Structure formats: structure tokens, C-alpha cells
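According to Swiss-Prot, the protein carries these features:
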SIGNAL    1-35  signal peptide
BINDING   GLY236, THR237, ALA238, HIS329, ASN334, PRO335, ARG336, ARG347  heme b binding site
BINDING   GLY236, THR237, ALA238, ARG296  protoporphyrin IX binding site
Amino acid sequence: MQYKDENGVNEPSRRRLLKVIGALALAGSCPVAHAQKTQSAPGTLSPDARNEKQPFYGEHQAGILTPQQAAMMLVAFDVLASDKADLERLFRLLTQRFAFLTQGGAAPETPNPRLPPLDSGILGGYIAPDNLTITLSVGHSLFDERFGLAPQMPKKLQKMTRFPNDSLDAALCHGDVLLQICANTQDTVIHALRDIIKHTPDLLSVRWKREGFISDHAARSKGKETPINLLGFKDGTANPDSQNDKLMQKVVWVTADQQEPAWTIGGSYQAVRLIQFRVEFWDRTPLKEQQTIFGRDKQTGAPLGMQHEHDVPDYASDPEGKVIALDSHIRLANPRTAESESSLMLRRGYSYSLGVTNSGQLDMGLLFVCYQHDLEKGFLTVQKRLNGEALEEYVKPIGGGYFFALPGVKDANDYFGSALLRV
């Protein structure tokens with residue numbers, strides 16, 4: 001049975017059925033593997049690449065300021081927990097699994113071959129960290145009546161509604177929680193997802209999933225090379241410097257002076273958009289028109305009329321848009337005015353390719369992800385400026401949602417959402 005919500009998005013009725021299915025699937029707990037064996041030499045993309053690791057504990061979660069890895073997955077879940085105590089059990093369990101998976105170790109051995117194996121085995125006997133990050137975010141729906149958390153909802157968190165060019169599919173929208181899983185290689189990302197699902201059959205049910213990628217050489221540059229999207233343009237050139245701590249406090253992280261609930265400090269608002277590209281149509285569009293639409297040179301990434309990718313466009317000297325069109329993507333997204341300074345955000349997008357659509361068109365596009373300290377000042381303001389841009393003819397947002405990336409786990413005695421659940 002389906003109903004239409006107030007935003008005009010078809011929503012399937014799920015939770016009650018999924019709760020029953022999840023409970024039936026739970027056969028027993030799977031222990032965390034603590035012991036580390038001497039590591040063998042697994043195959044690597046480059047020397048020691050599989051041994052790269054990001055710290056798990058800290059004020060902020062990894063996977064936000066972390067230089068983009070080559071492989072990525074977005075997975076939204078419905079939470080099946082029945083009460084606040086169950087939700088705490090989920091967050092504690094996710095903390096344990098993330099801590100182990102991101103740091104690596106020996107795969108757990110199955111003591112009885114008559115039982116299911118404790119690990120999928122797809123990474124072999126040693127689970128290398130492989131630069132894995134798993135970023136946990138919560139959606140607007142987690143703050144409904146189920147867990148009594150409504151008074152603690154981040155002030156700017158809201159359900160994603162349609163923009164004029166959207167064609168949203170309810171099956172690809174929203175979620176109680178969202179995992180952004182990134183690593184050097186796709187098998188590590190898949191292993192992490194399967195591990196988490198195996199440990200949470202009565203607590204989580206997958207709502208939607210999308211896998212993304214950037215080129216390996218862009219990933220290996222550790223942020224020095226801008227990834228190229230499937231329209232052939234560099235994606236993320238105008239990002240603020242993620243290594244500038246003072247700037248990140250201003251742009252990305254929720255701080256104490258924002259009058260948000262105290263538990264949100266150190267977290268970040270996350271906007272996710274699944275954007276389908278009309279690549280066949282785009283590939284038949286003249287180069288000059290493509291560059292006019294974006295406002296950049298396709299090969300170098302430089303603003304039109306300039307030489308280098310990171311040159312700052314001078315819109316004041318081009319008030320009529322003769323060089324960079326007034327409706328170009330870069331000019332609308334960031335007009336470079338004093339007023340637009342407050343709408344800066346950190347983009348962390350990935351390409352996707354899924355085969356073909358029902359109409360026989362290539363199903364390719366962008367998994368747009370951005371982080372900001374204020375959702376309304378950041379993504380929502382930028383997207384409103386982009387409404388009606390020339391690029392809309394070639395792109396179609398089909399899903400996604402707005403989420404809040406939780407603050408980091410401080411140490412081994414802490415867990416995700418601890419400050420939220422203790423209120």
C-alpha cells in the first residue's frame with residue numbers, strides 16, 4: 001500500500017513489515033574480532049594502499065574533510081528499533097563495527113562450520129583498512145514520535161521537497177539514517193555494507209542504495225586533482241579549502257554560537273541529491289554551448305576568459321555576461337558577492353553508472369553530496385539560485401534527502417549519538 005505525503009512524493013508503507021522480517025532474521029549475535037594476525041601482503045593498487053587508514057575517534061567524523069577515495073556508496077536505511085533503548089543499541093553496535101572495519105584486523109573465525117560464517121570472506125583472512133571511512137547521518141524522520149527525540153532535532157533539518165526540475169522517486173528518497181561508505185577499492189566498500197547488515201537484521205532495513213566512483217588518479221592525488229564528472233567537466237573546483245580549520249569551522253561544522261541543540265556541535269548538515277544525466281543528448285551538444293552552460297573551459301576547468309582552473313572569475317568586470325553567461329552554472333552557484341559568502345558548502349560528489357533506463361538510455365549521473373553548517377544558508381540557497389539554469393535541460397534529480405552527520409565518537413568509551421540519547 002502507498003500514500004502520497006504532503007510533498008507529493010509516493011511513500012511505501014514499510015516499517016511494520018520490515019520490523020517483523022528483521023526480527024525473524026536475527027539468529028544470534030556476531031562477535032567483534034579483536035585479535036590481529038600478522039598481515040600478509042594482499043594485492044594493492046599501489047604500495048601499501050590497502051594499509052592506509054583514517055582515524056576513527058575524534059571531534060568530527062571521517063569521510064567529510066577526508067580527501068575523496070576512489071569508491072563510494074550511499075545507503076539509506078529505515079530504523080526498525082522499537083524504542084529509545086533499541087536505538088541506543090543500534091548506535092553502539094554501529095560504533096563498534098565502524099571502529100573495527102576502518103582500522104582493520106583479522107577476519108573473525110567461525111568456530112562451528114555448521115553455523116553461518118562470521119564474515120563474508122570477500123576480503124580474505126585479513127580485513128585491510130583500505131582507507132575506509134563510514135559516515136553516519138540521521139534523517140528528519142528519526143525525530144518523529146517513535147523515540148521521543150523531536151525536541152532535539154537539528155533546527156534546520158527538514159524533509160527534502162521538490163524543486164521545479166526534480167522528478168523524485170519515493171523509493172530513492174529520504175531515510176532514518178544514511179551511511180556514506182568510501183574506500184580505495186569497491187570490494188572494501190561492499191564488505192563494510194554486508195558486515196553492517198549482517199550485524200543489524202532486527203535494527204536496520206535498506207531503503208535505497210547507490211554506488212559511485214571517481215578516477216583512481218584523482219583519488220590518489222589526495223585532493224590536489226579535481227575529479228571529472230560524466231559530463232566531462234571538473235566537479236568541485238570552487239570547493240573551500242578543507243585543510244583550513246578556521247574556514248571549516250565557518251563553512252562545515254555546527255558550532256556553539258548557532259543556537260542549535262548542544263549535541264549537534266561538531267556535526268554537519270548533509271544534502272544528498274541523486275542526479276541523472278541525459279548523456280546522449282549532452283554528447284550531441286556543441287562544445288561552445290557546453291562551456292557556456294558551465295561557464296568553464298572543458299579541458300582546463302578555467303573560468304571562461306581565464307587561464308587556470310582555480311582562477312577566480314571577475315564578474316564585476318563582466319556585468320552583462322558576455323564572457324561568463326549570467327545563467328551559467330558557476331555564476332549562479334557562487335556569484336562571488338558579499339551576500340553569497342554565507343552559502344559556501346563543501347562538495348563531495350561521485351559519478352554513478354547503472355546500465356540503461358527502461359527507455360533504453362544510459363543511466364549515468366552524479367551522486368551529489370555536500371556538507372555545511374547551515375542547510376538553509378548552504379545548499380537550499382544555492383539550489384534556489386540554480387532554479388532555471390541552462391544545465392537543467394540535461395540533468396534530472398531523481399532522489400536523495402537531507403540529513404545531519406553526527407558529531408564524531410570521542411574515544412573508546414563513547415558511541416554515536418551519545419549526547420543526543422542521554423538528553
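The backbone N, Cα and C atoms fix where each Cβ goes, glycine too.
Walk me through where these features lie, including what they touch and how far apart they are.
With a cut-off of 8 Å between CB atoms and residues at least 6 apart in sequence, the same chain places ILE330, ALA333, ASN334 near ALA238 (heme b binding site), listed in sequence order.
Under 8 Å, Cβ to Cβ, and six or more positions away along its own chain, THR237 (heme b binding site) finds THR226, ARG296, GLY301, GLU309, HIS310. Following the DSSP three-state reduction, the secondary structure of THR237 (heme b binding site) is coil.
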Are there residues of the same chain, six or more positions away from ARG336 (heme b binding site), whose CB falls under 8 angstroms from its CB, and which are they?
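The list for ARG336 (heme b binding site) reads VAL312, PRO313, TYR315, given in order along the sequence.
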Hey, of the binding-site residues listed (GLY236, PRO335), which one tops the CB count within 10 A?
GLY236
Per residue, counting other C-beta atoms within 10 angstroms of the C-beta, which of the binding-site residues ARG296, HIS329, ARG347 reaches the highest number?
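Within the set of binding-site residues, the most crowded position is ARG296.
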